[in-house]
Structures are given as structure tokens and as C-alpha cells.
Amino acid sequence: MAIDVNKFESMQIGLASPAKIREWSYGEVKKPETINYRTLKAERDGLFDERIFGPIKDYECACGKYKRIRYKGIVCDRCGVEVTSSKVRRERMGHIELAAPVTHIWYFKGIPSRMGLILDMSPRSLEEIIYFASYVVINPGNTPLEKKQLITEAEYRQYQDQYGTDTFDAKMGAEAIKELLAEVDLEKQAKELKNELKDATGQKRTRAVRRLDIVEAFIQSGNKPEWMVMDVVPVIPPDLRPMVQLEGGRFATSDLNDLYRRVINRNNRLKRLLDLNAPGIIVQNEKRMLQEAVDALIDNGRRGRPVSGPGNRPLKSLSHLLKGKQGRFRQNLLGKRVDYSGRSVIDVGPFLKMNQMGLPRQMAVELFKPFIYNRLIELGTENGGANNLRSARCLVERHEDVVQDVLEEVVKEHPVLLNRAPTLHRLGIQAFEPVLVSGKAMRLHPLVTTAYNADFDGDQMAIHVPLSDEAQAEARLLMLAASHILAPKDGKPIVAPSQDMTIGNYYLTTEEAGIKGEGMIFSSADEVKMALQNHEVELHTRIGIAASSFDKAKPFTDHQRARIMVTTVGKVIFNEILPDDFPYINEPKSENFNGIDDRFFLDPGTDIVGWFKNESLNGPFKSGFLSDIIAQIYARYQVTRTSVLLDDMKDLGYDISTRSGLTVAMSDVTELPEKGEVLKEAHEKVAKITKQFRRGLLTDDERYIQVTQTWSDAQDKIKSMLIASFDSKNPIFMMSDSGARGNISNFVQLAGMRGLMAAPNGKVIELPVTANFREGLSVLEMFISTHGARKGMTDTALKTANSGYLTRRLVDVAQEVIVREEDCGTDRGLDVSAIMDGNEVIEPLYDRILGRYAMKPVIDPKTGEVIAKKNQMIDEHVADQIIDAGIQTVTIRSIFTCRTEHGVCVKCYGRNMATGDIVEVGEAVGTVAAQSIGEPGTQLTMRTFHTGGVALSEDITQGLPRVQEIFEARNPKGRAEISEVTGKVTSIEENPADRTKTVTIEGETDTREYVLPISARLRVAEGDEIHRSEAINEGPLDPKELIKVSSTLKTENYMLAEVQKVYRMQGVGIADKHVEVMVRQMLRKVRVMDPGQTDLLPGELLDIADFRRANAKTILSGQTAATSRPVLLGITKASLETNSFLSAASFQETTRVLTDAAIRGKNDPLVGLKENVIIGKVIPAGTGVAEYRHIKDEVVAAPVEPLEKIPTLDELQKAFDKEPASSTGNKASNSAK
């Protein structure tokens, strides 16, 4: 039963009726037996019966009368087994006919209880009926009893005696519930509930809305309420609940078999009791046990104690197979293990080019096996190859020489994918061309380590081989490492020289005064290199070189070209790796990128040695400047030239750092003679502070602050003394100054003092570590040092887990956001200006407008000239002009105002940060946004800081907790009150008794009072004007409150600014658009306030797009439209409220999502990525976008060239003989067919 998943448009789920379950089934399972312990064959009518589920061996019936494929489809007359493939045992279902109906625990136990809502009964009453504790009146007849009234056993008997046995009808158990459900008139109930809603309020209204929701769901889905009670239980295929023999003759079996066995045993016993006309109480007890057995099968542990197996371990039921990280969704559908993959330790490969990786031969043989076999067969025996698959296999197993030759051929230009877990962003998987290496470790290019966050201390990486031609083409065109130069989060280069490469280039471009060969003048770069080889000059020597000797394309002015340029030997060598028409880089300044300064050019005949004596030295090129050069090259010359430059920079860096012979020794850590003096002063000051405290002049908090401040000042003093005494040739200084490794504080700890340490609770210990590592620490100092360090380690571990979970939730909520069209045609934009925090600029305007489209023309206020037209992309040049013109606010196209459904349009998104080009239709921008926000999560702090000073012990939540608070739309800590009216602050009263203060605001129509804690810092004073939605006191706003009193756009803008504050404070840059995508996803739902004449329900939560559609339909037919208000959902809630039940079920609360979806008969439109991955369909992003899928079909259907001659029978026969061997390689098998 092969289904082509790429053919269907959507997937629907619903309640299965008993008839449907019987239709699925291939037979009834009547016995609890599994397999016979002697013959090891499946028992007849048992849980593994071959007659029901199909043969255990391929094309062979149970008794062995029919064997081989030629009997396919025949049902054996002896054993009744159909001769077919054993794969059917993965798809054929059976069923159990129950002797008494049982309820489905999902619909009775879920919150809210679906049965309870339909029947208008409490879950407790339902439980009493279902588990045979009480009777329920089904038909009161002419007695004073009421329908659905609960009566106890004793009352039932009493009423029977009182009114007679046939006057009323009361039952217990699931059959009673089934009868009640079957009697429900949904249409009538819906009508009554709608009338009730007109005047109901409070709790009553809430319950009515809930009930109406469920009733409408049943009406629209066509599900019948009585289907929530089962007469038949489906039995899943046996290969999904296998039983395998272990060594030693014991069997391991799936828990489900035990659970099914309990159901069958109890069901059979109940049948027997009913046949025997057993007493009611015994039958009741058996029915209750059957109900409990089915409950345990569906969801063990949901009610009462879970059924446990050996060793008191709870058995895994059907629900558990779907739930959680080990469930079907997350373990087998969203993440599968694949063939043609491997993993190994990685090692550095400095000899590789940017797009290469070193693949160990041993791994390559294993990974490329099908291609090797195919090539060996193509070669044929006459060329040392093979004739068929078997002999090809032998050649490979015997490690024949020909295999290595073929391997070289096969691997050539066949890209492979490398992945390092955790894959935090799209650069966690990149494509490389394999280069065969010896050994067992894969070799990785040193420059891609940043993107992978890899190092060579034992990290492992996974490798995958793309098999099809399309997959190889995509890997080559879209995923080659050489084209991944920019980070998707901020568009800055992520590939930059580090460590040895940085220090090499730093050393190369260092200048020294008065060394060998200073002032020599050369006619060309070659001459300079020759002089260096002959030891006439050194790398750092300042020299002159004829500007005319450089390439014509070098952007020198004519005046400069006729003169002598002063530079150093190293800089001449460095500039050789830059493109010919790129300015000569002589000093580490960004102005140099537009051309070299005239001061570096001297007229021929000038006394160059004398000129050098008066000229100060230029700084060497540090890590940051090297990154700037890469960014410039990328902007001007695109990918290919940049990757060439990177490789050259890497080779040059390694070469020079090796030649420089930089080492670190104890003698490089200089001692500071003045240190003792500084410490003495500090000790005296601390003694003075302690004295004042003892006299009662200071509080303990003040004393603590002053003491820690004293030691902090002492450390700063030592630090500045150290920096002053530094020798610029000191290797440790060079390492930190160049940005290769370490920073100044490391040096201070080596040569100065370690300073103050933090305790595990984050508080600073007031006893400082006065020693440094050169002197060595005392026992107490050592203890103080390690005390806080331990906290650092545990924090990091916790942070990683928290950050990973945040990323998972972000990805889930945004995975359906894909660039779906060119232009959505919106008429709204977003006014952006620099994000400020007080007077501090958090994110400048330049960063916010770069790579976005202008919504309105941007006009220079001074000249009136148009800098950017409407819908024009703002690139670096335009952005510079806007900033230079002094413009403070620009209206841009924003994702917040984009009207594209399930995604965004190109114009509202703008530039793709990872490529620097305009985003393409099909780009999965939601996932990229989620990863961009989640990836730096581990760099954020975990702590809640105390602000300085004693008076303000107000906690500020920062770092990861603050980001979570914003995205989960939680009530923020220490939040500010928001004014709900525009008016004047008339009074501020303090009430010391209850430690509050009351702020009164008088608006035009009403007066509001706000009670705040006494410690709150107010933003307003008496007599101030205040606008609606402004904060009354300091602190973060609650976005859920803000959205009630201001516009959606204002709320979105506030959340964007808050997220940016957290990341930018920690020095992490993230493009606005990523945050915009997330915030928009949190605000895509509205709640219906008044449904008007639409089919919507009051209080219903639905997508803005669906709401607009419903209204448009109503307005067109001249009826009253519905009204709604926007709802802000946290990312977890938003993920679960998605239109795709597959995506929601695979995220969290699997059973709840599926219960709800089944009742509503939900249809999953398969618009997001996750739901398509789950069903194995090509995802609707990238080359899987519908538009591109059709193009592919046209290409395939290109006219076929006529065959030159029709093949003879012999030729065909030969082709078929070869076929099994070549079926692994595409070309050969296609031609054979």
C-alpha cells in the first residue's frame, strides 16, 4: 500500500466509529496468546496470528505449503494465511470485539473533559458512573427523578421498591454514557447555548462558551458523540509491537502486548460470565476491570496507579509511544538516522582550501560503496574491475589497489555534508569537497571552526553523503562552506582568522624603528622579498617602494603614482594577497579602504631615513581590522574572491606565526615593584572603613560596598601600572593585543593581582586574592578562587539546557514563516529610530534601516533631495547618506505590517543577512530567525542582577531569563504600571502603614488611582501631563497590559526594543528582522468579542487572516461584521495554537492536541516545515516551494532524442544481467531499464 506523500494536499484526523475500526481490521483477535513456546510460531487467533496480520516470512504461508513469490495473493487452504510480503505485518490491523462498551480515556479525562462538556456533567460524576460507583438516570419515566441524576446502589434499590422496576431507567458504566451521548441533539443544544450566551455573565458565560465550542466542533466535523465510547478496540500491527527472542531462550516483548493481553483476558472472562448469567455484581466488577484495562492500553497512568511490569516499571501505553523526546514524533519522524553517514573525531587541516575537508580513506570506502561498486562494474574485468555485484564486493573486501583508484575517482567533486551537534544555526551543516587523507580523523578547515563552534580537543562531527544528482547540486550551489562567510544573525563575517592566523598577520604588519635596512628604497615587491630572503631587511623594517611598480588597477592618484610610498616589508607581503584593484592597506583605519593617505608618499630624493626618525609608528593589523578587510572584500568582490583571500590570509598567518617563533615563558610575566605599595594603601583604607563601622558611622551594607570598591580600585591601579610598563614585543602582550587569545585581565592575573572573587551566590567576597599566578596563591586564596569558579561551571551547564529549550520553542512557533511572495502590497510601515536606553544608544539607526525597504520616500531635510524612493532597498551607501543628512526617523517596510499569510513578502523582509542579497521566495526566514535568536543564547547571562547601591535593591532581570520572559509574554518582574487614561497627575500620596504610594491621574472623562509599592521609582511628579499607555514608574512594561491600552504596532515595537536591549548589552548583535518575525508570530491571533452575523463563536481564538476572511464574506453579503481584539500569546502557547495539529502534537502536550484535533475533525493544510517533515513530504521552502516544484517537472518532460538504433535482444539481455549490480548508481540502472 505505497502512498506518494508528495501528492496529497492536506491531512485530516477524526474520531473512528466502531464501523470504521472493523473496516480497518483484517480479523478479530480472540486469544491473549502470542507465540507457541515450542514451535515459536504465532498462535491462531492470537496477537501475532498470521491469518490476521500476514505472513512472518516473505511470500510463505504458515504451514509452508506455498513458498516463493509466484504464489503471491493466494490464501493457503490449510492454514488460511495469504501469501504476500511480510511487510504487511507493519500495516495490517486487527480488532477486539468488546463484550461491554468502554469509554476512551482521552475524551473523559482530558482537561476540559469533552464528555463532561457535551453531557453538561462534572468529570467527577462521569467517573462515578463509568467506574460503577453510581447509577445515572437515563429515562426518569413518570417518577420524580431527573434525567442525568446520580443515584447510589442503595438509592437505586429503594427507588425500584418505591416506584416499581419498570417505571424508570437507570444504568451505570460506559453503556449508560453511550446511551446519554447517543441521545444528545447537537443542533438543539447549540441553539440553546447561543440563546444562553446573550445574557449570561461570569463563570456561567465561560462554561457556555466552552460547551458551545465543543458542540459546534462535533456538528462541523461530522463526528458523533457516542463514538467517544468504544465497542471495538483496534489492535495495532504486530511489527509495531514486536516480540524478539534473546540469547538464552528468553523473549523481549513490547509493553503493548502485555496491555493487549490484559484487555483480551478480561474481555473473554466477561463474555463467559455473561453467557453463564453470572450475578450482577460480578459482571459489574469484570466490566470495571475491562474499562481499566482499556484505559491502561490507551494511556497508562492517566487515571489511578499505572499498570507496571517486571521491576515495578510502568508499562508504556499507546499514548507514551507518541509523547516526549523518545516518542514517535520526535524520535522517528522529526529526526531519523540515515544511511550513508558516519562520524569521527575532527582534527585541523591547515593544508585545505576553504571548500575542502579531509576524509579518511577507510570512511570513504564505506560511505561511497554503491558508487565504488558501480564504477568497478563499469570498468569490467578487462580493466581490473568486476563483472557483477558479488565480485565488486570481493574486490572491496580484499582491499585491492584498484579500489583506491576508483575511490579517488568517485570522491572527486562529490560534495559531502558535515554537521556538528548542537546545530545551533544554519552554519552547523555545510558542504565540502572531500580530499582523501590517511588516519582515522576527519580534517576540518581552520576557518570554519567559528561557524561550527568546534575545536580540536576531541570534538566529533557527523558526515552525510548526498546521493541524488539534485541533492548534490543543492549541496554544491547552496551549501558549500566557501559561500558561508556571513553570519545569518547580523550579516557580519563569521569566518575570520583566529589564534595563530591572527598573531601571524599581526606580527607581519608590526613596525619597528631603527632596525636593519631601515630607509632602503625598492623598485618592486619582488625586490623587497629578495632582500628579505638575503637578510638585508627584516619583516618589520620601514622601507620605501616605488608606487609605480604596483598594478595599474591599484587605486593610487596620479600624483601618488609618481612618488615613493613608505611602508614596511611585512605590509608589502600582506598586500600581495589582496585584489589588484583594492587600496593598499598601510594603517589599520577604515579610511584606508577608500584610498591611501598622501602622507605616506615622498618625493624621490627625500631623506627617507631622516623622515622616519620624526614619524611615529603605525599600529599592526589586529583581529577586528582583519574582519573589516574581509567584510570589505565580500561587499566588493562577492564570495569566490573572499574565500581565496581567506585561504591566503590563513596560509600567510600560519607561515609567519611559525617563523616568528613566539613563545611564552615565565620570564615574559614581568614583576611589578610598585605592587606592594598599592596593596599597603588599600589595607590601610580598609582598616579605616572597618573602624568607622565599629563606631557605628557606617551600616554593614555601606561598609561592604566601600571595602569592595577599595579593592576594585587597587586592582585597577595595578592594571594601569602594568599596561604602562608593557613591552610591545612581549609575546603575551602581542597575543592579547592582536585579539589572538586572552585579554588584558588575564595578564593582570598573571603579573598583577587576581582581585575580588565571587561566591557561588553571585555576591562578591570582600577578601581579595592579592597574589598573582606568578607568585602563586596561598591555600585560602586558592579556596576563594575555586569557590566561585564551581558556580561558573554549573551555570554554564544550566544555561546550555535553557538556551536549547528556548531555541526549540522559537523554532516551533516560527517554522511556518517562509518568504511566500514578492510584495504583499501593504500600505502600512514602521517608523524606526535609534533604540535608546536613557541616553545610551543600544542600536543605532544605521543598523535598523540597512537592508530594508523604505515605505515612504526619505528626503534630506536640508536640501529637499530624495535620498531613497518609496520601496527602494536601503543599502550601505543610502544608509550612510541618511545618517549624514541627520535624519532621526525613517519609515520602513516591516514584518510587523506585512499582510502575507503564513509568511512574509520579499519587500517587508528585505535583505537576507546570510548572503547580503535580497531574500528569495522560498527562504525559511522563520527558522533562520529562531536560530539567530537562540544561537547566542548561551552567551547571555543567567543571573538576575542587583543594581548598584543599597537604597535600590530593585532586581533587574537580564540575560536569558529576560528573553524568556518577553517571548513567553510573562508578567515581568518589578513591572511598571501603565496609565489607562490621558490626563494630569493630581496627587501622589505615601502610605507608610501598608508601605505603598498612591498616584492619582485625572483624565478627561474619569479619574484613576494606581497603588504602587513604596520603593517604586516614579517617572512622574505632581502636576505632570501623562498620556494613555505611558509608564507611571520605572521598570519593564507588561506587553499584555500594553496591548489593551495602545496599538498592536506600539506593543510590537516595545517588545522588539526590549529584546534588542538584552542582546546588545551583552555585545551580541542580532538583526531586527529576526525579532520581528518572532513577535509577529506571537500576535497573529485575535479573540472574537462580538461575532456579528458571521459563523464565528464569541470568545473564539483564531488567526487574523481567518478573521479577516470571515468578515470580508459577511460584509460582501451586507451583514454585520464581527469585532475582535488582538491577543498576545507566549511562544509555547502560540506553538500549540497553530493551525497544524501535526506541528503542535510533535511540540508539547501531544495527547491534548490530538484529542482536540480529532473531535474537531481538524484538517492540517501542511503549510509549515515540521508537518511536511513528519509525513515525509518535500518541505515547502527553498527548492521545495510550489513554484519551483513545477519547473522541475517541465525539465524532466523535455523532448527525448530519438535512439540511434533499436537495441538487439542480446544487448538487452546483457543490460539486464548487469542491472542488479548497477541499480545503486543512477545512470547505469536507468539505461538498463
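Glycine too: its Cβ is placed from the backbone N, Cα and C atoms.
Owing to the predicted nature of the structure, the values given are computational and were not obtained by experimental measurement.
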| field | 291-313, 1211-1233 - the one Swiss-Prot records as region 'Disordered' | value | 1211-1233
| request: Please work out which residue of Cys63, Cys79, Cys824, Cys898, Cys908 has the most C-beta neighbours within 10 angstroms of its C-beta, and give that one of the binding-site residues. | output: Cys908
| task | May I ask which residues of the same chain, at least 6 positions away in sequence, place their Cβ under 8 angstroms from the Cβ of Asp459 (Mg(2+) binding site)? | result | Val345, Ile346, Arg420
| said: What is the set of residues, excluding Asp455, Asp457, Asp459, whose C-beta falls within 8 angstroms of the centroid of the C-beta atoms at the Mg(2+) site? | reply: Ile346, Ala454, Phe456, Gly458
| said: Between the Cα atoms of Cys63 (Zn(2+) 1 binding site) and Asp457 (Mg(2+) binding site), what distance do you get, rounded to the nearest Å? | reply: 59
| remark: CA pair Cys61 (Zn(2+) 1 binding site) / Cys908 (Zn(2+) 2 binding site), Å rounded to integer, equals 63
| Between Asp455 (Mg(2+) binding site) and Cys824 (Zn(2+) 2 binding site): CA-CA distance (Å) | 44
| query | In the structure shown, with every protein chain counted, which of the binding-site residues Asp455, Asp457 has the densest set of Cβ atoms within 10 angstroms of its Cβ? | reply | Asp455
| request: Using C-alpha atoms only, work out the spacing between Cys76 (Zn(2+) 1 binding site) and Asp457 (Mg(2+) binding site) and round it to an integer in Å. | output: 62
| Sorted by position, what residues of the same chain at least six away from Cys905 (Zn(2+) 2 binding site) have a C-beta under 8 A from it? | Val819, Arg820, Glu821, Glu822, Asp823, Cys824, Cys898
| remark: By a 10 Å Cβ neighbour count, the lowest-scoring of the binding-site residues Cys61, Cys76 is Cys76
